[in-house]
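These notes concern the structure reproduced below.
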Amino acid sequence: MTMPVLIMAGGTGGHVFPALAVAERLREQGVPVVWLGTREGLEARVVPAADIPLESLRVRGLRGNGLRGWLAAPFVLLRALWQALGVLRRHRPRAVLGMGGYAAGPGAVAAWLTRRPLIIHEQNAVAGLTNRLLSRLARRVLTGFPGILPERGGEHVGNPVRDAITRVPGPADRGAGAHEPLRLLVVGGSLGALALNSTVPAALARLPEVQRPVVRHQAGERTLQQAREAYDQAGIAVDLQPFIEDMAAAWTWADLAICRAGALTVAELEAVGVPAILVPLPGAVDDHQTANARQFVAAGAGVLLPQSELSAQRLALELKTLLADPPRLQRMAQCARGLGRPDAAATVARICLEEAR
């Protein structure tokens, strides 16, 4: 039996979906894939649905767990490391790819201890603590943004996006910025965003009716009711969904987006060519979402609106300016598309096989 590539990714869509894109590329070449994650993250649902074997570790994040959490941390990590070693012994992977999430740390150390080729991929424009540490153990260090971890030989390959995203026609071919009325997509990430759920409806209510766009909004399962009440109170019609499964179709539909600035979101905006008002998550570690947004905004593809400055009045002003100028939206869409790295998933898959035992 052909030895698999072990992919470690979990938690939110920002880790899981780029890793799934790489898994697709590997399996297209006949390379089996095994996944290492947890039972609590998004991977527990989407990885088995993709017909990929999922191995789970009992591990959780250390931040925000208080003194008891930190005291227990060595025991939790040692248990997870022992479990990860068992996974590697069972599957004997030819290479191990770490793409973030709680299982990636113990899994990467296990790969290093068993001398399996370790490749890590840092999606964000600011490297996280785990990847800064693991970069010392990795054979190859790959990055989604340029200039990250240069001291460890970081290679800028872009952030992998799913094949369906890369197949979306370019902005001109799909009539981006030319629909009447214009189409607004609001995406708060896979967990939603309370600030967007409450502010966007109020901002839209401030626009003249003739200028209001058609709206689709991913509000998150836990915050769906709050968003529905906000839209009802504002008197704004909306296609409101807890989670959008087919993001390729959603991005294809959109003329403009309002969203967070997670690495996956920015990569998909670029791959498809969608202009956006980016509202970085203020509590993100090392403020990495603001860093993720900078290249996109500097290229003329979007507007940066810090949450500290987010209000219905300010957002309405930004929307009014953009929606009144479809040619500008079309130019912004082309700028976004020019930043895309549609070959990122194939590149990461190729590097895994180059380093394979």
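Along the chain as shown, the residues are counted starting at 1.
A Cβ is built for glycine as well, from the same backbone N, Cα and C atoms used for every other residue.
These numbers come from a predicted model, not from an experiment.
Features as listed in Swiss-Prot:
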BINDING   Thr12, Gly13, Gly14, Asn124, Arg162, Ser190, Ile244, Ala263, Leu264, Thr265, Val266, Ala267, Glu268, Gln289  UDP-N-acetyl-alpha-D-glucosamine binding site
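When secondary structure is read from DSSP and collapsed to three states, Ile244 (UDP-N-acetyl-alpha-D-glucosamine binding site) falls in the coil class. Within the set of binding-site residues (Ile244, Leu264, Val266), the lowest number of other Cβ atoms found within 10 Å of a Cβ is recorded at Ile244.
The binding-site residues under consideration are Gly14, Arg162. Their Cβ neighbour counts within 10 Å are lowest for Arg162.
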